[in-house]
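According to Swiss-Prot, the features are:
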| type | residues | note |
| --- | --- | --- |
| TRANSIT | 1-53 | transit peptide |
| TOPO_DOM | 54-330 | topological domain 'Mitochondrial matrix' |
| BINDING | E234, T237, D238, E303 | Mg(2+) 1 binding site |
| BINDING | D320 | Mg(2+) 2 binding site |
| TRANSMEM | 331-350 | transmembrane segment |
| TOPO_DOM | 351-361 | topological domain 'Mitochondrial intermembrane' |
| BINDING | G351, N353 | Mg(2+) 3 binding site |
| TRANSMEM | 362-392 | transmembrane segment |
| TOPO_DOM | 393-434 | topological domain 'Mitochondrial matrix' |
Amino acid sequence: MECLRCLPGLLPRAAQPRRALWTAVARLSLAACGGRATPLRSRSPKASSTARAAGDVLRFRTSDASQATLASVAQVFAVTKFDKEGNVTSFERKKTELYHELALQARDLRFQHVMSITTRNNRIIMRMEYLKAVITPECLLILDYRNLNLEHWLFRELPSQLAGEGQLVTYPLPFEFRAIEALLQYWISTLRGRLSVLQPLILETLDALVDPKHSSVDRSKLHVLLQNGKSLSELETDIKIFKESILELLDEEEMLEELCLTKWSDPHVFEKSSTGIDHAEEMELLLENYYRLAEDLSNEARELRVLIDDSQSIIFINLDSHRNVMMRLNLQLTMGTFSLSLFGLMGVAFGMNLESSLEEDHRVFWLVTGIMFMGSGLIWRRLLSFLGRQLEAPVPPVMTSLPKKTLLANRRMDVKNSLRPEGLGASRTILASR
């Protein structure tokens with residue numbers, strides 16, 4: 001015990017303040033766990049403030065480290081910016097920095113391969129499968145355009161359209177109208193291009209399959225038609241989603257008002273345009289125009305689908321006819337075999353080990369053979385004629401046409417009988433009885 005009492009005196013002086021700090025931290029933890037609080041109160045306020053400062057520093061360092069870790073793993077967007085004059089700038093931004101600059105939330109920049117048009121904090125967010133865009137009153141941002149083959153449209157066509165030099169209907173309107181029309185026009189042209197590629201391929205394949213010169217169906221053509229049918233189904237789904245997304249906007253008047261971004265930032269835009277139409281109505285007309293274009297594409301795709309279904313029915317009919325021919329041939333051969341077997345019993349009778357005087361005559365062999373073949377032929381012909389009568393299509397009954405004058409006379413008699421009053425007939429019978 002005396003050695004333990006002398007141990008603090010043997011420790012270096014530099015270790016004593018550290019030991020005091022450790023003791024204070026241990027007592028703080030005991031007080032938090034429900035231990036004695038009296039020794040903690042008896043400690044000096046200097047030790048408690050030192051422990052509190054150490055905890056704050058540790059907490060701040062942990063939060064800074066977590067933020068640095070999240071920033072290091074954040075998604076980086078390749079952004080292309082288009083302003084009102086058509087100037088183009090490209091840069092890279094992390095997802096956290098980008099939604100802070102645009103006053104958006106993280107879920108607003110979570111782009112899935114779906115078609116949607118939404119508004120948030122005076123911003124328009126457009127998702128068109130692989131095309132991701134954010135529209136503000138001053139600029140248009142295209143995100144992650146790399147590896148999408150969009151360079152020609154982005155850097156040659158889109159700047160002139162946004163600057164009002166292209167063939168856009170909304171060039172005298174605010175910037176967001178031109179941006180929305182340019183994106184919708186690009187998507188409609190993309191869908192139309194896919195349809196124009198599929199249409200000649202499908203028609204060529206159908207012509208080859210339905211050609212009456214070919215008695216059999218080429219399986220390679222059927223495989224090509226199956227692949228084109230799948231592509232057509234995907235195109236129909238994309239067109240349907242595009243129509244539904246635009247129809248949702250047309251059904252909500254508040255959404256149409258929110259799409260007019262400049263209306264909320266510039267008070268002069270509240271006035272009606274030169275044509276006397278409000279900007280919300282012009283947005284509605286714009287969306288209705290592209291909805292009609294999508295409807296036309298849907299009708300063309302539906303016509304192709306109807307052609308495929310009709311050709312499929314024709315192919316099935318041809319296959320059924322070939323199958324019927326094969327079944328008829330099989331039935332004819334079966335009848336011939338039955339006829340030969342029936343008259344072959346005569347040969348079986350002569351083939352038995354029985355003696356008769358007919359075996360000695362050579363003419364009997366040829367006579368019996370001739371009778372067998374003639375009888376088999378006659379029976380086969382009778383069976384074939386019976387089969388032909390059964391397979392013939394029934395003749396529809398002949399309707400005898402009555403003369404026109406007879407029909408008119410009968411009709412007049414019916415009209416007279418229907419117009420004759422019942423009371424008059426009753427009175428005549430009473431008078432006749434009197």
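Counting starts with 1 at the first residue shown.
From the backbone N, Cα and C atoms, a Cβ is placed for every residue, glycine too.
Features recorded in Swiss-Prot, as mapped to the structure shown.
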residue : record                : DSSP (3 states)
E234    : Mg(2+) 1 binding site : helix
E303    : Mg(2+) 1 binding site : helix
D320    : Mg(2+) 2 binding site : helix
G351    : Mg(2+) 3 binding site : helix
Surrounding residues of the topological domain 'Mitochondrial intermembrane' (351-361) on its own chain - C-beta under 8 Å, 6+ positions past either end: none
For the topological domain 'Mitochondrial matrix' (54-330), the mean pLDDT of the predicted model: 82
Pairwise CA distance, the residue listed as 'Mg(2+) 2 binding site' versus E303 (Mg(2+) 1 binding site), rounded so that it is a whole Å: 26
Inter-residue Cα distance where the pair is G351 (Mg(2+) 3 binding site) and D238 (Mg(2+) 1 binding site), in Å: 79
Candidate with the highest Cβ count within 10 Å, taken from the binding-site residues E234, D238, E303, D320: D238
